Amino acid sequence: MMEQSLIPQTPVLPLTAQRTVKRALTLLDRHLRETGVAFTSTQAARDWLKLKMAGLEREEFMMLYLNQQNQLIAHETLFAGSISSTEVHPREVVKRALYFNAAAVILAHNHPSGDTTPSQADKTITQRLVQALQLVDIRVPDHLIVGGRQIYSFAEHGLL
């Protein structure tokens, strides 16, 4: 599984705050992996993703792999790009979802600019990913865009 720095080193966040956020992420991650804890809504995923992705300086595409009961199996950053884009490959997305034997995946990426409005490219790749994953019976409950403290939900806007 690919690893990423939990807290980016930035002059905006003091070291003590970075440590606090890192501890919070660890506790939340542990809680989400407990037996019986499920993503019955995407709120838990949103809270976790805000902590995880809000301070990133370049665009990254992440996946949360869920089992049949919507419990978190694993998560990883699949692709990383520049400050304004990242290239996402549907073949790799499907391959990783199958590797984890996921029944569902929550897609997520960040917009370092802070503007969570999806681009046409975001909408197009989301549809391609949903179609590719449907071919192997994997659900996509949501695609979330993190920008600062804001999150855009494709599901809430009827784009899935």
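Cβ coordinates are placed from backbone N, Cα and C, and glycine is handled just like the others.
The average pLDDT computed for the domain 'MPN' (38-160) is 92. Per Swiss-Prot, the feature domain 'MPN' maps to 38-160; the stated evidence is sequence analysis.
Residues or ranges marked as motif 'JAMM motif' by Swiss-Prot: 109-122.
Annotated Zn(2+) binding site per Swiss-Prot: His109, His111, Asp122, in sequence order, evidence recorded as sequence analysis. For His109 (Zn(2+) binding site), the same-chain residues lying six or more positions away in sequence with a CB closer than 8 A to its CB are Met53, Glu59, Glu60, Phe61, Met62, Thr86, Val88, Asp122, Ile145, Val146.
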Other C-beta atoms that fall within 10 angstroms of the C-beta of Asp122 (Zn(2+) binding site): 20
